[in-house]
Amino acid sequence: MNTTKPSPATAAELLRASPLDALDARILLAHALGWSRTQLITRADEPLDAAARARYLALQARRAAGEPIAQLTGAREFFGLEFDITPDVLIPRPETELLVETALDAIDGIASPCVLDLGTGSGAIAVSIASERPDARVWALERSVAALDVARRNARKLLDPARAGGPLRFLESDWYAALDPGLRFHVVVSNPPYIARHDPHLAEGDLRFEPRGALTDENDGLAAIRTIVAGAHAFVAPGGALWLEHGYDQAAAVRTLLDAAGFADVESRADLASIERASGGRLPG
């Protein structure tokens, strides 16, 4: 008598048999099948062909080995937009939406504001600001050519074509290096690498698969922030603002750097987990 258990043949059976977190399994199965999440419910008992099952099982194995969902699906939602993601860019996190909200607050009421995003990566911050403020002139700087390619692709996909090639400008640059010295911005924002070189988190979870240069400054976690703060006076307009994302335990240190650099109204803002996640200040003038 054949007692071999049959392989899962439907979406419902694959999900029940999956060793993954239920949400991860649903996301990957929908991606493998090209279905919406609603279709996973309405077509749950529909037989799947061998190729479809194989696609899902390959993704399941990679996720079980730790690969990030965003890299497996090639996408991540951020600020209501779906960004293309590759292993060349940092995966946008929900807490970084605070930086976008803060930048939008800083330019509220300013006509055609100038915005600078340093270390744009996937373009999540710059594209989100440009989407919310079509009148804004946004510069997005990034030293990684591969990351810039992803950012440009996201701009083309998510913004009006006129914006993707015009008021949103991408430059290959190591922080401020490629900027015209005469430029001034109403707000400068950055989510720089702020994890210290020896932080054990770099060897854990999704971070193992993301570009190391977007995560750590290969120093104490504040080196990139020091560079950005030190150069800000040359590019922040009088009365303009500088805002930086940082680690959960770095707010006080970043405020000290901003105070020492002569910024006024220095403060930190907490994310939805009540963690001080962004700090900034205003340049007097």
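Just so it is clear, glycine is given a Cβ too, placed from its N, Cα and C backbone atoms.
Noted in Swiss-Prot for the protein shown:
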BINDING   Gly119, Thr120, Gly121, Ser122, Gly123, Glu142, Trp175, Asn191  S-adenosyl-L-methionine binding site
BINDING   Asn191, Pro192, Pro193, Tyr194  substrate binding site
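Comparing C-alpha positions, Gly119 (S-adenosyl-L-methionine binding site) sits nearest to Pro192 among the binding-site residues Pro192, Pro193, Tyr194. Within 10 Å of Thr120 (S-adenosyl-L-methionine binding site), as judged by C-alpha distances, the binding-site residues found are Pro192; the full candidate list was Pro192, Pro193, Tyr194. In sequence order, Gly119, Ser190, Ile195, Ala214, Leu215, Asp217, Ala224, Ile225, Leu244, Glu245, His246 are the residues of the same chain, not among Asn191, Pro192, Pro193, Tyr194, whose CB sits within 8 A of the CB centroid for the substrate site. Recorded residues Gly121 (S-adenosyl-L-methionine binding site) and Pro193 (substrate binding site) have their alpha carbons 11 Å apart, per Cα-Cα distance. Cβ neighbour count for Pro192 (substrate binding site): 20 (other Cβ atoms within 10 Å of its Cβ, all protein chains included). Residue with the densest Cβ environment among the binding-site residues Thr120, Ser122, Asn191: Thr120, by other Cβ atoms within 10 Å. Residues within less than 8 Å, Cβ to Cβ, of Tyr194 (substrate binding site) and separated from it by at least 6 positions along the same chain comprise Asp217, Gly221, Leu222, Ala224, Ile225, Glu245, His246, Gly247, Gln250.
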